[in-house]
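Record features (TrEMBL):
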- 52-467: domain 'Major facilitator superfamily (MFS) profile' (DOMAIN)
- 50-70: transmembrane segment (TRANSMEM)
- 90-111: transmembrane segment (TRANSMEM)
- 118-137: transmembrane segment (TRANSMEM)
- 149-166: transmembrane segment (TRANSMEM)
- 178-199: transmembrane segment (TRANSMEM)
- 211-233: transmembrane segment (TRANSMEM)
- 281-301: transmembrane segment (TRANSMEM)
- 321-338: transmembrane segment (TRANSMEM)
- 345-363: transmembrane segment (TRANSMEM)
- 375-397: transmembrane segment (TRANSMEM)
- 409-430: transmembrane segment (TRANSMEM)
- 436-462: transmembrane segment (TRANSMEM)
Amino acid sequence: MADNPAHEKFNIIEQDNNSMKLSNESPIQELSILPLDPVKEKALLRKLDWHVLPMITILYMLCFVDRINIGNARIQGLENDLGMKGSDYNVALFIFFIPYILCEVPSNMLLKRVKPSTWLSMLMFSWGVITMCQGFTRSYASLVVCRFLLGLFEAGFVPGSFYLISMYYKRYEMQWRFSLFFTGSILSGAWAGLLAYGLAHMAGIGGYNGWRWIFIIEGLLTIAVSLISKFFIADWPHEAKFLNAEEREILARRLQEDTGDAKMDHYDGKAARRIWRDWKMYIGTVMYFGVVNTGYSTSFFTPTILNQLGFTAIRAQVMSIPVYFAAAVCALVVALLTDGLKHRYSLCMIGVLVGTVGYSLLLAQQVLAVSVRYFAVYLITCGGYITQPVVVAWLANNEAGHYKRAVSSAFQISVGNIGGIIASNIYLSWQAPTYVIGYAVSLGLLWLCGLACTIFLVGLWWENRLRDQGKRDHRQQLPPEEIANLGDDHPRFRFTY
């Protein structure tokens, strides 16, 4: 994509992945035409990695622990103490997703106008309080209310964090960073198992059963971290205090060279139509919907599945830990490959195939040894977490413009999380110990993800072909203010796959 003419002046106040917005007061009033110093670029990338990623990755780990620890609490006596029966546990999982799905897009629209450090730390404090409250519930109805509020406050964190990361890095630098961030959710499964193992031994302290201490201690930890997170979460690049004037210029030029003129800095009627009529956002959501079911299935039910394989409740907590470490390694290796090869599709399909083998083994588990069934849990977890972060980065790579990315990333994650609702309702107690319906539905949804990835690939290739043939050049005749707000509809933008 061609760069803008040299010495074009910037008098803008926002930043996009396509360009850095510099205020009138900035000492840098124009971008240099001199080549970027590769040594300074590398130094800037290291600085970004240290300031943007670590804190939100820690927060994501805590976020996911607080979301999935109900699975650990279940096998420590949650259902018996609250008088739960039948599908009550599934309803408690399901209710979380209603506000979670409805509030993600509005949250990202608010985040556009609020400092990320303020908004994300406030959300974290709120869900920490609710997590702790789950440990004091005395009835099933109270638990359901807490799960609803937990979904409400967690809704904005993940899409907001993906949005923030996407504003600092070029397209083929994103996957590695997304996956590093995503390992927070993967390792949370291991950490949740380790914590649950330790906290389960607190049973009887204060008259509380072990499952209550899981919620109380983990909620208190989240609250404590939230109180300091405000000072460590990076804000938008144009207001990030850790960047100096020269670094802002280097960042601006790097992002400008990556996607050029494809901006969407104003939300008006035409921009709204371009966002909501974009087929990529809907196919990207189906991709995420198909694979996130596997992510939630393993997070919510791995302790239960291992318990059903014959492990004691406490041993099941421990046996889940290496599963998540293996998944984290797979996700990071794939991230390096997909950014290095500048290719997404094949790596997505590798994850689908690995998960398919795992589900196939579990569907045939009655004739397999326990060790093989345990290995199958590794395969479905690794397969899901190979594909899940890649589909998020892949959509973000192909949505250009501040508002375009804010809406599309939130929409993908929010609507895609309907897969979590399905995961909450397909592993029913009467299916134990084989869970045939759960495994079969999850396998089908994983291949729905694979089909959507294939459609996405073909659609991007076809659109690039049309642009190479000049069949989108008529958009250059639009009014200048509209051309400047086309986002990835700009005819010079090229999609990645």
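Using N, Cα and C of the backbone, Cβ positions are placed for all residues, glycine too.
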So if I exclude everything within five residues of the ends of the transmembrane segment (436-462), which remaining residues of that chain have a CB under 8 angstroms from its CBs? That is, six or more out. 279-280, 283-284, 286-291, 293-294, 297, 301, 345, 348-349, 352, 355-356, 359-360, 362-363, 380, 383-384, 387, 391, 394, 398, 419, 422-423, 426-428, 495-497
Excluding the flanking five residues on each side, which residues at least 6 beyond the ends of the transmembrane segment (409-430) place their CB within less than 8 Å of a CB in that stretch? 86-87, 89-90, 93-94, 96-97, 100-105, 107-109, 155, 158-160, 162-163, 166, 281, 284-297, 300-301, 304, 392, 395-396, 399, 437-438, 441-442, 445
Confidence over the domain 'Major facilitator superfamily (MFS) profile' (52-467), expressed as mean pLDDT on the 0 to 100 scale, is 88
Any chance the transmembrane segment (118-137) and the transmembrane segment (211-233) are in contact, meaning at least three CB pairs closer than 8 A with a sequence separation of 6+? yes
Of 50-70, 90-111, 149-166, 178-199, 281-301, whichever stretch has the most CB pairs under 8 A to the transmembrane segment (211-233): 50-70
Same-chain residues at least 6 beyond the ends of the transmembrane segment (281-301) with a Cβ under 8 Å from one of its Cβ atoms are 64, 67-68, 70-71, 93, 185, 189, 275, 323, 348, 351-352, 355, 377, 380-381, 383-385, 387-388, 391-392, 394-395, 399, 407-408, 411-413, 415-420, 422-424, 426-427, 435, 438, 441-442, 445-450, 452-453, 455-456, 459
